[in-house]
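**Student:** Annotation comment: Swiss-Prot describes His40 as active site, proton acceptor. According to Swiss-Prot, the feature active site, proton donor maps to His144, an assignment based on similarity to another entry. Look at Swiss-Prot and you will find Arg35, His40, Lys68, Asn71, Thr72, Phe145 tagged as dUMP binding site. The disulfide bond annotation in Swiss-Prot covers Cys53-Cys109, Cys67-Cys120, Cys85-Cys135, Cys92-Cys99 and rests on similarity to another entry. As annotated by Swiss-Prot, pyrrolidone carboxylic acid applies to Gln29, with the evidence given as similarity to another entry. The signal peptide annotation in Swiss-Prot covers 1-28, and the record cites similarity to another entry as its basis.
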Amino acid sequence: MALQRTHSLLLLLLLTLLGLGLVQPSYGQDGMYQRFLRQHVHPEETGGNDRYCNLMMQRRKMTLYHCKRFNTFIHEDIWNIRSICSTTNIQCKNGKTNCHEGVVKVTDCRDTGSSRAPNCRYRAMASTRRVVIACEGNPQVPVHFDG
């Protein structure tokens, strides 16, 4: 009897925490969110030069087997980036409507085409510009950089 009561209380607690959003079930977007963070978020730096791109692309494991042709690093706090997910939905390049846009500080890294993995070489361009990100989940989190 006491064991059944304990199970009931634990179930009630879990449902309450789920309702409050304190415990989140994983639907696969957690892995996509972590990948987005690894590939695109670097709030501590402003970037802007070729050396930065060469180092960060290697550190973030985007040069292991081939040189990723293009990547953007966002130099904003993750909460600022996540707030983009609360803006009006727009259409993504793939036709879905889970994209959102905002203006952020970025460094765009473009492969020079004259090197081979893992020693890839990049050209950097720092700017403040409009970006488009795809968001999923509840609460919504960025899972894909769309442009």
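Cβ atoms are placed via backbone N, Cα and C, with glycine included.
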**Student:** CA-CA, which of the recorded positions Cys85, Cys109, Cys120, Cys135, His144 lies nearest Asn71 (dUMP binding site)?
**Tutor:** Cys109
**Student:** Are there recorded positions among Cys53, Cys67, Cys92, Cys109, His144 that sit within 10 Å of Arg35 (dUMP binding site), Cα to Cα? If so, list them; otherwise say none.
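**Tutor:** Those near Arg35 (dUMP binding site) - Cα within 10 Å - are His144, in sequence order.
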**Student:** If you count other CB atoms within 10 A of each CB, which of Cys85, Cys109 wins among these disulfide-bonded residues?
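**Tutor:** Within the set of disulfide-bonded residues, the most crowded position is Cys109.
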**Student:** Rounded to an integer, what is the Cα-Cα distance in Å between Thr72 (dUMP binding site) and the residue listed as 'active site, proton acceptor'?
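**Tutor:** Approximately 6 Å lies between the Cα of Thr72 (dUMP binding site) and that of the residue listed as 'active site, proton acceptor'.
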**Student:** What residues, ordered by sequence, lie under 8 A Cβ-to-Cβ from Phe145 (dUMP binding site) and sit at least six positions away in the same chain?
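**Tutor:** Set apart from Phe145 (dUMP binding site) by at least 6 residues yet with Cβ under 8 Å, we have Phe36, Gln39, His40, Thr72, Val131, Val132, Ile133.
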**Student:** I need the least crowded one of these disulfide-bonded residues (Cys53, Cys92), counting other C-beta atoms within 10 angstroms of each C-beta.
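**Tutor:** If we count Cβ atoms within 10 Å for the disulfide-bonded residues Cys53, Cys92, the smallest count is at Cys92.
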**Student:** Roughly how many Å lie between the Cα atoms of Cys109 (disulfide bond) and Cys120 (disulfide bond), rounded to a whole value?
**Tutor:** 11
**Student:** If H, G and I count as helix, E and B as strand, and all else as coil, what does DSSP give for Cys53 (disulfide bond)?
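**Tutor:** The three-state answer is helix.
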**Student:** Around the dUMP site formed by Arg35, His40, Lys68, Asn71, Thr72, Phe145, list the extra residues of the same chain whose Cβ is within 8 Å of the site's Cβ centroid.
**Tutor:** Phe36, Gln39, Met62, Phe73
**Student:** Checking your reading of the structure: which of the recorded positions Cys67, Lys68, Cys85, Cys92, Cys120, Cys135 lie inside a 10 Å Cα sphere centred on the residue listed as 'pyrrolidone carboxylic acid'?
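**Tutor:** Qualifying among Cys67, Lys68, Cys85, Cys92, Cys120, Cys135: Cys135.
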**Student:** Measuring CB to CB from Cys120 (disulfide bond), give everything in the same chain under 8 Å that is also at least six residues away in sequence.
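**Tutor:** Set apart from Cys120 (disulfide bond) by at least 6 residues yet with Cβ under 8 Å, we have Asn54, Met57, Gln58, Thr63, Cys67, Lys68, Asp111.
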**Student:** Using DSSP with the three-state reduction, classify Gln29 (pyrrolidone carboxylic acid) as helix, strand or coil.
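**Tutor:** It is helical.
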**Student:** Would you mind pulling the longest C-alpha to C-alpha span across Arg35, His40, Lys68, Asn71, Thr72, Phe145, which the record has binding dUMP, in angstrom?
**Tutor:** 15
